[in-house]
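**Q** Here it is, the structure in full.
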Amino acid sequence: MTNIRKTHPLAKIINNSFIDLPAPSNISAWWNFGSLLGICLILQILTGLFLAMHYTSDTTTAFSSVTHICRDVNYGWIIRYMHANGASMFFICLFLHVGRGLYYGSYMFPETWNIGIILLFAVMATAFMGYVLPWGQMSFWGATVITNLLSAIPYIGTSLVEWIWGGFSVDKATLTRFFAFHFILPFIISALAAVHLLFLHETGSNNPSGIPSDSDKIPFHPYYTIKDILGALLLILALMMLVLFSPDLLGDPDNYTPANPLNTPPHIKPEWYFLFAYAILRSIPNKLGGVLALVLSILVLAIIPLLHTSKQRGMMFRPLSQCLFWLLVADLLTLTWIGGQPVEHPFITIGQLASILYFAILLIFMPAISIIENNLLKW
C-alpha cells in the first residue's frame, strides 16, 4: 500500500512542499529565513488575534484599551510586546532574506522575486497601519505625515488623502479602517506567501554556488526540517530576550503619550525598519520627488533581474561585486541612522549622499562591475 502522505490530495501538497521536496545539498543558513518569515507570520497572526479580542478601534478608547491589555488581561503584556517586537524580527528576517536574494542571484527566478516584492510592500503597509492602532502621539502624527504624502500626486492627490482619511483629518474613521486593513492584510500575505512558494517549487531552490544542483539533491525532511527548527529556536530566543528584557528598546517613548492633534512631537519618525526609506524620502526637497524616491527605493528591486550583466549567477566567486554588496549594506545602515536624526546640518547632506549612493550602487555600479569581472575572467 502506498503511503497516505503521497496519495491523499491535501497531504500530498504538504509532502511535496515540506517532506519529499528535493533540495540542494549545499544551501547555507542564509536559506533559513524563508521558514523563519513563515514562523514570524504565524506568530503575528496568533498574537494579533488575541490582541484584537481586547482592542477597541475608537479614538476615545484605543489608547486605554492597549493600556488595559497590558495591565488587566492575563499575559496581555507579553502578547502585546511579542506582537510589537515580532514585527521587528519579521523585518530583520525580511531584510536578510532580500539581501540573500541579491547576493546569490535568487532574483533570476522572476515570478518568485516579483511576488516577494509585492509581499514586501504588503508587510510594510501592514506594519505601518499596525503602528497607528495604539493611538499614541507617534501613531497619530506618523499616520498624518505618511498619508499626507499621497497629496503630492498631481490632480487626484488631495481627494485621495481625504478618501483614505474618511474625513478632513486623521480621525475615528481612519483608525477604524486601519484596524480593518491591519486585520485582513496578514491573511492576504499568507496567500501571497503560498504563491511565492508555489513558484519557487516550480524551479527548485537556488544555492550558494549559483550552479544548477539537479544532479545533487537531498530530501527536505529530515535534513532541512531539523535545520529550520534550529533557526526557529534561535529566532524565538532572540524575540523572547527582546520581549522579556527590553521590550521598549525599539519603540518610541512618544507613543506612550495619547494622541493629541494640537501638539506636534518635535521629531516625527517611523519605526526603525522604515528609517532607511524615510531618509531617502527626506533627502529630496520636493514633495512629489520624495514620494517617488520612497516608492522607488523598494520598487528598484523589480529591475534588478534586468540589470544582471554577470556570466555568473551569485556573488560567491565575484570579490569586486561582494565589496559593492557590503558597501550597499553599509549605505543602508547609514540611511537607517540618518532617518532617525533631526533635519539639520550635517545630517541632510549625509542623507542625500547616502540616497544617491543607494540608487547608484544598484543601478550603475553593480552592472558595471559585473561587466568588468566578466572581462577580467575573459568571458
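Quick reminder: no glycine exception, Cβ is built from N, Cα and C everywhere.
The heme b b562 binding site annotation in Swiss-Prot covers H83, H182. Swiss-Prot lists H97, H196 with the feature heme b b566 binding site. Among the features that Swiss-Prot reports, ubiquinone binding site is placed at H201. For 33-53, 77-98, 113-133, 178-198, 226-246, 288-308, 320-340, 347-367, the entry in Swiss-Prot reads transmembrane segment.
Relative to the rest of the structure, where do these features sit?
**A** Other C-beta atoms found within 10 angstroms of the C-beta of H182 (heme b b562 binding site) number 21, with every protein chain shown included.
Long-range Cβ proximity for H196 (heme b b566 binding site), meaning a same-chain Cβ under 8 A and a gap of 6 or more residues, is found for T112, I115, G116, L119.
In the structure as shown, the Cβ atom of H201 (ubiquinone binding site) sits within 10 Å of 14 other Cβ atoms.
With a cut-off of 8 Å between Cβ atoms, the residues of this chain six or more beyond the transmembrane segment (33-53) that come close are 69, 79-80, 82-83, 86-87, 89-90, 93-94, 96-97, 100, 130, 182-183, 186-187, 189-190, 193, 228, 231-232, 235-236, 239.
Within the chain carrying the transmembrane segment (77-98), a Cβ under 8 angstroms from the stretch's Cβ atoms is held by residues 30, 33-34, 36-37, 40-41, 43-44, 47-48, 50-51, 66, 69-71, 116, 120, 123, 127, 130, 235, 238-239, 242-244, 247, 250-251, 271-273, 301, all 6 or more beyond its ends.
The list of residues near the transmembrane segment (178-198) in space but at least 6 beyond its ends in sequence, with Cβ under 8 angstroms from a Cβ of it, reads 17, 37-38, 41, 44-45, 48, 52, 55, 57, 112, 115-116, 118-119, 122-123, 125-126, 129-130, 132-133, 143.
Long-range Cβ contacts of the transmembrane segment (288-308) within its own chain (Cβ-Cβ under 8 Å, at least 6 residues beyond either end) map to 98, 102, 105, 107-108, 110, 113-114, 117, 120-121, 124, 149-150, 152-154, 276-278, 280-282, 355, 358-359, 362-363, 366-367, 370.
Tertiary proximity for the transmembrane segment (320-340) is limited to same-chain residues at least six positions away from its ends with a CB under 8 Å from its CB atoms, namely 99, 102-103, 269-270, 272, 274-280, 282, 310, 347, 350-351, 354-355, 357-358, 361-362, 365-366, 369-370, 372-373.
Using a Cβ-Cβ cut-off under 8 Å and counting only residues 6 or more beyond its ends in the same chain, the transmembrane segment (347-367) has close neighbours at 279-280, 282-284, 293, 296-297, 300, 303-304, 307-309, 321, 324-325, 327-328, 331-332, 334-335, 338-339, 341.
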**Q** Between the binding-site residues H83, H97, H182, which lies closest to H201 (ubiquinone binding site), Cα to Cα?
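**A** That would be H97, nearest by Cα distance.
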**Q** Write down the Cα-Cα distance for H97 (heme b b566 binding site) and H182 (heme b b562 binding site), rounded and given in Å.
**A** 23
**Q** Going along the chain, which residues six or more apart from H97 (heme b b566 binding site) have their CB under 8 A from its CB?
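**A** Correct list: F33, G34, L37, G116.
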**Q** Mind checking which residues reach the transmembrane segment (226-246)? Cβ under 8 Å, same chain, six or more beyond either end.
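**A** Result: 29, 32-33, 35-36, 39-40, 43, 78, 81-82, 85-86, 88-89, 93.
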